[in-house]
Amino acid sequence: MYDKVVESTKYIKDKITKFNPKVAVILGSGLGNLVDVLEDKEYIDYKDIPNFPQSTVEGHEGRLVFGKIKGIDVLAMQGRFHYYEGYTMKEVTYPVYVMQQLGIQKLIVTNACGGINTDFKPGTLMLIKDFINLFGDNPLIGVNDKRFGVRFPDMSEPYKLELIDKAKSIADEINVEYKEGIYAGFMGPYYETAAEIVSIGRQGADAVGMSTVPETIAANYLGIDVLGIACITNMATGIQKHKHSHARVVETAEKASANLCAWVAKIIENIE
Ligand code: HPA
């Protein structure tokens, strides 16, 4: 895998010479318009990068976007890979391995998810304090390659406290409302059963979604600091009365994305 990652990285570095980002953002469903805030953009489609997996979900574009926010170089992933698409955990997190080789030090992960905590409502932005991995799998299984990271990585601060504190003070400064909570990553692709939501809530989760956990695990392993922001697009099964709809999830995420984008942009401006 190391050689593949190096080959992908080389392709990207050869194409993108104007940027040397230390910060990356993964954009969740309906949250892709953070890219509109970026200046002087350059794009690379996933399909053009050697060894890169391809995106299949509606509402997910598959490309890397390089750009600047207030003079700071940023790499955005527009479209991510989900376990439920049939990718292995290594494929899901492949871009994060490439990020490490590109020199990324901080990663902001966003997602659309279901609220379990009844203090939340659709549109709530939740700073992720910690995760629960319900995938029954993770990207670090297998022979360890020390060039990436250690065999038994620490996971006591999966979302860097320093970044959480920074995100909070910026939210207060620009008047963005937020909550905090624990994100449970569920395999999907079906929306959980009501019984599963009761169980996941008892385990301590405030929100549940089908992404973010694999990338967070890989980033921690790779020595990249992570900040996670979840957009609650619906209440989880059994809490909301109506049935789930992907279209509504995307619509709610799009509505919340103005706030999320302003917040993330300001965090990036102040990240060092
Ligand atoms: N569950 C899992 N994933 C989701 C949800 C949900 O309720 N909403 C958006 N992504």
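Each Cβ is built from the backbone N, Cα and C atoms, and glycine gets one as well.
Note: TrEMBL annotation is automatic and uncurated.
Owing to the predicted nature of the structure, the values given are computational and were not obtained by experimental measurement.
Feature annotation from TrEMBL assigns domain 'Nucleoside phosphorylase' to 22-269.
The DSSP secondary structure for S29 (phosphate binding site) is coil. Per TrEMBL, phosphate binding site is recorded for S29, H60, R80, F81, H82, A112, S211.
Annotated purine D-ribonucleoside binding site per TrEMBL: E192, N234, in sequence order. Under the DSSP three-state reduction, N234 (purine D-ribonucleoside binding site) is assigned to strand. Listed in sequence order, G114, G115, P122, Q240, H244, R248, V249, T252 are the same-chain residues six or more apart from N234 (purine D-ribonucleoside binding site) with CB atoms under 8 A from its CB.
DSSP assigns A112 (phosphate binding site) to a strand segment in the three-state reduction. Each residue contributes its Cα atom, and for E192 (purine D-ribonucleoside binding site) and F81 (phosphate binding site) those atoms are 20 Å apart.
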